[in-house]
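Visitor: I'd like to ask you about the structure that follows.
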Amino acid sequence: MDSLSYVVGFIFAAISIIAVIYSRELSGLVQQAAILLQAGSAMGMVFAGDFLSVFIFWEILAISSLVLIWQGGADAKGPGYRYALLHILGGAFLLAGIAFQYAATGSLAVGLAEPGVTTLLFLIGIGVNAAVVPLHAWLPDSYPRSTVVGSVVLCVFTTKAAIYLLARTLPGLELVMYLGAVMVVYGIVFAILQDDMRTLLSYHIVSQVGYMVAAIGIGTELAIDGGIAHLFNHILYKALLFMVAGVIIYRTGYHRLSELGGLWRTMPLTFGCCLIASAAIAGVPGFNGYVSKELIVGAAAESGFFVLETLLLIGSIGTFLSFVKFNYYAFVKEREPPPSSDPPVSMQVAMVAAASACIVLGVFPGLLFALLPYPVTHDVFSISHILELLITFSGLILLLWVARNLSRPITYIPPDVMDGYRAAGRGITWFATVTLPAAAGFLGGSLSRITRTAAWASANPGLALEIGARDVLSRAMTVLGDESRSGDQKEVLMALKDQYPSPRPGGAGAGFGMFLVAMVLFLYFLSDVLL
């Protein structure tokens, strides 16, 4: 076990304890078992030393996630199936990558992926679980459909286990860096447009994991430290945000921001925890999210990736705006709040524990730096940068406050990649259930008619040929309007058909044999051409 396994395993264990405490009031036996299986498989993957063990735990993680999704009820059935399909695909690519890795190295030890096809297979396989755009569609489709407890657990393990494996296999791959940048911006844009709380938070997972992916793509020691630190911090504040959303749903029954307002009066503790988590995810100085984002942005600047640095900063601004919206519409907006109150004690303890960690690690980042794979020498508390961020955030708050009466929550749900996947799925289903059976019926009927005609003609090929020719001639005369000659041909045709196959009994054998020989030769020629 090295420092990378240790730090990821540590946060997985810590958040598992918090999640179990949070779920005490709401979880049944199946859900509790799935939570423990999820945590155990994620930690098993982190501490595994060979790719075969990694793959086994990877699949157990997917199965336990599916159980948690389906615990959400009837609405979770479709998203669960789509989750399963995409993760089966991702698992297949990962297994293929492991096979190519073994073929190239002769070893299953976890390590850097071999260049070429192996790298591509690993990238796709890991990319599904890491929610890399456009393979991310399963995440905002399924996580909001789980139970309030299930969402807290789901937001932690699957994507972060993928980040861990990405750091093990593909650090320093420039393509990974650009994919991360796309995730940051894409996730922010779709998050801002959401009205459903957990869908908004799900798109923020895509965006925040994008920071980690970009950091691993940069590949320097500072970047890897930043990516793993952000993994650590993201687990804390994102789990806290899902806890807050879960408490709101549990106490009010509402999922959408447009249905809420004024909750700060009836749920003050929940509001306080939400403010802390929002500041952390937005990268406000003094909270843990700022520390890890500063490491990643600093790594991008040191490596000369200034476009990436700009996109990461834009992501932070977008995140800040998104959570100003979240807090305003859920808690601050003047509205008579629905009947509500802060949650039971166990849920409060879990939220306060996560919120406290967000503050402590933001004020004393050395506690986290001591766990990271490489020594951290970067100054995260640069006065100029802190002032920059504070001025930017203050200006945004002022602007939003002035325009608060002009804004309305967006209730239109914009289409995402999953809509394209679902349309493609409906097309494939229609093709399989309508087009293919129709084509099969047509081909089957055609082959049956050909076979019957061939068998009939084989009884007396000469007479059959004459009948066929006269039939064509009769039809042609009918089309041309020569009714008298057509009638004569029909009479002759009827007479020939009446005496078919032959006036000589037993005359069919030779013709049928010739037909069989011809068919055998044809099939032999066809197989030679195709094979």
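Just so it is clear, glycine is given a Cβ too, placed from its N, Cα and C backbone atoms.
Where the annotation comes from TrEMBL, it is an automatic prediction and has not been curated.
The following feature annotations were taken from TrEMBL:
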- 48-318: domain 'NADH:quinone oxidoreductase/Mrp antiporter transmembrane' (DOMAIN)
- 6-22: transmembrane segment (TRANSMEM)
- 54-71: transmembrane segment (TRANSMEM)
- 83-104: transmembrane segment (TRANSMEM)
- 116-135: transmembrane segment (TRANSMEM)
- 147-167: transmembrane segment (TRANSMEM)
- 173-193: transmembrane segment (TRANSMEM)
- 200-219: transmembrane segment (TRANSMEM)
- 231-250: transmembrane segment (TRANSMEM)
- 304-328: transmembrane segment (TRANSMEM)
- 349-374: transmembrane segment (TRANSMEM)
- 380-403: transmembrane segment (TRANSMEM)
- 506-526: transmembrane segment (TRANSMEM)
Visitor: So, taking each listed stretch (6-22, 54-71, 200-219) in turn and counting its Cβ pairs to the transmembrane segment (231-250) that are under 8 angstroms, which one gives the highest count?
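Guide: Result: 6-22.
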Visitor: Should the transmembrane segment (54-71) and the transmembrane segment (83-104) be scored as in contact, given a threshold of at least 3 Cβ pairs under 8 Å and pairs 6 or more apart?
Guide: yes
Visitor: When you check the transmembrane segment (6-22) against the transmembrane segment (116-135), do you get at least 3 Cβ pairs under 8 Å, counting only pairs 6 or more apart in sequence?
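Guide: Between the transmembrane segment (116-135) and the transmembrane segment (6-22), which are separate recorded stretches, there is no contact, as judged by 3 or more close Cβ pairs.
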Visitor: Let me spell it out: take the transmembrane segment (116-135), skip the flanking residues so only those 6+ beyond its ends count, and list any with a Cβ under 8 Å from a Cβ in it.
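Guide: Hits for the transmembrane segment (116-135): 58, 62, 86-87, 89-97, 100-101, 104, 158-159, 161-163, 165-166, 169-170, 173, 175-176, 179, 182-183, 186-187, 205-206, 209, 213, 417.
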